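Enquirer: Please find one structure pasted underneath; my questions will follow.
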């Protein structure tokens, strides 16, 4: 395990806790703020409606903070941040590609202030009715995740899911939404590429150089310290730098003032009106966009996103525990974590973030950089997310970011998601023709067939004479991660191959180590790290029936006592054999 400054159950000083919590917020900022921009096109939110983007930004940050608090307090109890997931974007695009939604998407291109009251109402209803459909799909499909987690089935399913299945599934998350990066970058490819350059410069080159910063400490007074700000905030600094450059070019008249021209949205004042129209404070509440609607096709389609986020989170649990200096999470903690993520997704659907929640890998990496594995730090970061989400002017500022800057961030983010998926192949033998075949065919087929099905009238080939069944099949086969992940799962389990060849031996060994609750040291550490808070574990353990609940901690005191007796017996046997 890594040497950490603050362990899982330790609490840093108050000001350190706030500063480190703010850092977690800023680390997940880039990925989270980009989601509403990706959702804008499938939800039919026009470029002339930045207020809707602002509201979605505030809602998704509010939901991220709430889900993080629930997960770190009652779920897996690791210092792991919850946030929106790109895994839910592909099903959303597939659902909104159905004829009943695609044929009625006609956003007005006129400035919002120039629209009549009736036109503004129609434009608002156009995207909110789509949001209500996505809300219903997320809420019902997340009930499946809750069942899978709290019933303990997720532990049984892991034996069939390995790196060969996970790699294409996560890779297709990034590849399937590349059109959003193209759309935003096309406003001005020069600014988009410059944003990519700045992110690469700050995160890969300058991150090793600390920057002198003024500081103050009681007893020491004012002094100069060195901080790795480029390592901590590369995306934020890159966005601000490109934003300033775009403002200079806008003032110099480098961009057109014709709204019909795509380059108009490279201007920094293209959506500046949102700062005036948005209120200072806005509290996201359940069903704020209206009562969610439900269709069977949407629910089944969204299941693909739920399954992909579950698989991604399990890997993050083990990585987070390793970087935080904790023992690998036991099975009951993983079950509880997946179940709590399902509850977070249900709440996200109720509040209307347009997305579910999942664990954030980049915040797991931040723990490795800072070597602070304290649970309290992440909980503090969650409170900061909620507070800033209520200040709606904050979301309005980032809703006015010029399109090509958003496109540049997308190019980097989607590339990272794709490469994270491919990184799972490090556990496999990629010199094996079997593995090369499975990975290659699952990625290509996962891109080719859904793209063809969504093109023109090709979806009309699906005819079962039952409209609802047609829609279910179309949505599932139009979702890249569903098609690619299913192909990879089937091929990986039916084609001959050893566990070592498939990379399953590493996963099996780690799971076995995590389940070895009979060791004395492990039982004590697990009890302190993963037990439920506020005496809940002690309360549940009073009832014998809770031993059969897969999400409840076992009676560790009995296990520790048995382990001590076993150790004492082994010591006696060793002593007797030595004497003899």
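Cβ coordinates come from backbone N, Cα and C, glycine included.
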Enquirer: Of the residue ranges 352-375, 376-399, 496-519, which one carries the transmembrane segment annotation in TrEMBL?
Expert: 376-399
Enquirer: TrEMBL lists transmembrane segment for one of the ranges 82-102, 103-123, 229-249; which is that range?
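Expert: Spelled out, TrEMBL records transmembrane segment over residues 229-249, not the other listed ranges.
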Enquirer: Do you know which of 51-74, 267-290 TrEMBL annotates as transmembrane segment?
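Expert: From TrEMBL, the annotated transmembrane segment range turns out to be 51-74.
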Enquirer: From 310-328, 329-347, 405-423, which range did TrEMBL mark with transmembrane segment?
Expert: 405-423
Enquirer: Taking 3+ C-beta pairs under 8 angstroms (sequence gap of 6 or more) as contact, is the transmembrane segment (191-209) in contact with the transmembrane segment (405-423)?
Expert: yes
Enquirer: Under a Cβ pair cut-off of under 8 Å, which of the recorded stretches 51-74, 136-154, 160-184, 376-399, 473-495 contacts the transmembrane segment (405-423) most often?
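Expert: It is 160-184 that shares the most Cβ pairs under 8 Å with the transmembrane segment (405-423).
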Enquirer: Mind pulling out the one from 14-39, 51-74, 136-154 with the most Cβ pairs under 8 angstroms to the transmembrane segment (229-249)?
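Expert: The stretch with the most contacts is 14-39.
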Enquirer: Give me the stretch from 14-39, 160-184, 376-399, 435-453, 473-495 with the greatest number of Cβ pairs under 8 Å to the transmembrane segment (51-74).
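Expert: If we count Cβ pairs closer than 8 Å to the transmembrane segment (51-74), 376-399 scores highest.
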Enquirer: Would you kindly list the residues that approach the transmembrane segment (160-184) from elsewhere in its chain, counting only those six or more residues past its ends and only Cβ-Cβ distances under 8 Å?
Expert: 37-38, 41, 86-87, 89-90, 93, 192, 308, 311-312, 315, 403-404, 406-407, 410-411, 414-428, 435, 438-439, 442-443, 446-447, 450, 480-481, 484-485, 487-489, 492-493, 502-504, 507
Enquirer: Cβ under 8 Å, sequence separation of at least 6 from the ends of the transmembrane segment (376-399): give me the contacting residues as numbers and ranges.
Expert: 6, 10-12, 17-18, 20-25, 33, 36, 50-51, 53-59, 61-62, 64-66, 68-69, 72-73, 79-81, 271, 274-275, 278-284, 363
